[in-house]
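Read the structure below first, then the notes.
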């Protein structure tokens, strides 16, 4: 968590940081847009569904809730399927499920059929696309990964700005049944995006490397060892707390504006402003997170983004007129975009490529519980107090708390990885090892050539001293001395006149 992980992928292939990766990024952009914007886009049909089936607004609201619950809660299932079959086939099957659910819902005769079609089947299909697309993005980008995550995350506000007006047009022209059928056809584009997820191929290696690779155990379908990583545990707890309040303001800001006496169209314009700012905030934050002096500290940038978001909620709770709500939406759009661009980048930096497929599934499962608790809990608070100020205050405090948990626990419990030795130090180590090899070979040669022992020993010692002088070592203790050299130096030497001389006594 203290620094970015340089990923090479499961197959040992280094991330290309470009090339076909840009096609993968485009597919991830589309999938992210569908996944996050589709539950909100379906809400434009709620009035027609209420009139058709004679249900209340709370009954139709369950459609979006079930869809989001499937998107987040099926994370472990997606992880198992990706680890078993790969990203491309899982995404293409998911695209078929997403389309099939909307087509089935268009023939519904009661609200339960829409729960099953749009909520469960389409939600599962979007989940089978969303998670694998992030995994492939992580494998194709390493150095440019923060920028790639920011650009992919921008698909959410772009799709929201497009799908919501499109849904209104389809409802006006074809009714809710025709609109569901056409949206189902549009979701088939998920299959095309899945086809873009070409797996990376490892280069041809020697037979010895291939044998070692084949001997490695097969990867687990769901790797629970990520829970041994303190950084992952801290991130999961912080993310769960954050999700409790992160999605509350966009849900209630329009109703808040109406409560202040503004028109429906004027109130709905607030979400458009928020989404427009969000479009530019996410790529910009990705560029900032990719800077050399920022990327090793991206977890703290993520904490700052959450504090920014929570503080905006707390200050926005004091808004009393429309202009103040516009200012709130501008700042909330910036902070919301920063959080959206960084949340998966930080997770990738913590666990790396190999465990990311399992880690994201487990994190999304925990977030699914928070998603189902957060907005409904805020709604109950609103019913009890009839005051939007308390709703925004609670949301802001939850997001700020998550930021403090992430930042403080990271400083207290996570140690930074030791830095790699500098190239000069590596060269010095290499020279020392070479000297050791020469000194180790010296005794063997001396045994074969008995009379020339002193001459070779002196030559080797002279060579070592010459190399040491070239390196300009200040402290004599830094010169490596081998145990064999000490043993040879302590041997008694017989001079030509027959006198035995000990080297130590002659010094």
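Glycine is no exception: its Cβ is also placed from the backbone N, Cα and C atoms.
Taken straight from TrEMBL:
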TRANSMEM  20-38  transmembrane segment
DOMAIN    21-414  domain 'Major facilitator superfamily (MFS) profile'
TRANSMEM  61-82  transmembrane segment
TRANSMEM  114-135  transmembrane segment
TRANSMEM  147-166  transmembrane segment
TRANSMEM  178-197  transmembrane segment
TRANSMEM  232-257  transmembrane segment
TRANSMEM  269-291  transmembrane segment
TRANSMEM  298-319  transmembrane segment
TRANSMEM  325-344  transmembrane segment
TRANSMEM  356-376  transmembrane segment
TRANSMEM  388-413  transmembrane segment
REGION    440-507  region 'Disordered'
COMPBIAS  454-475  compositional bias 'Basic and acidic residues'
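Below 8 angstroms of C-beta separation, residues 35, 38-40, 42-43, 46, 49, 90, 114-115, 118-120, 122-124, 126-128, 130-132, 135, 221-222, 357-358, 360-365, 367-369, 371-372, 376 of the same chain, each at least six residues beyond the ends of the transmembrane segment (61-82), sit close to that stretch. Within its own chain, the transmembrane segment (232-257) has Cβ neighbours under 8 Å at 1, 226, 266-268, 270-271, 274, 306, 309-310, 313, 316, 319, 322, 325, 328-329, 332, 336, 339, 343, 346-347, 350-351, 359, 362-363, 366-367, 369-371, 373-375, 377-378, 382, 388, 391-392, 394-399, 401-403, 405-406, 409-410, 413-414, counting only residues six or more beyond its boundaries. Here the transmembrane segment (178-197) sits against the transmembrane segment (20-38); at least 3 CB pairs are under 8 Å, leaving out pairs fewer than 6 apart in sequence. The average per-residue pLDDT of the prediction over the domain 'Major facilitator superfamily (MFS) profile' (21-414) is 86, rounded to a whole number.
Contact between the transmembrane segment (298-319) and the transmembrane segment (388-413) is supported: at least 3 Cβ pairs lie under 8 Å, counting only residues 6 or more apart in sequence. Within the same chain, residues 143-151, 153-154, 156-158, 160-161, 250, 253-254, 257, 298, 301, 305, 325-326, 329-330, 332-338, 340-342, 345 sit at least 6 positions outside the transmembrane segment (269-291) and bring their C-beta atoms closer than 8 Å to a C-beta of that stretch.
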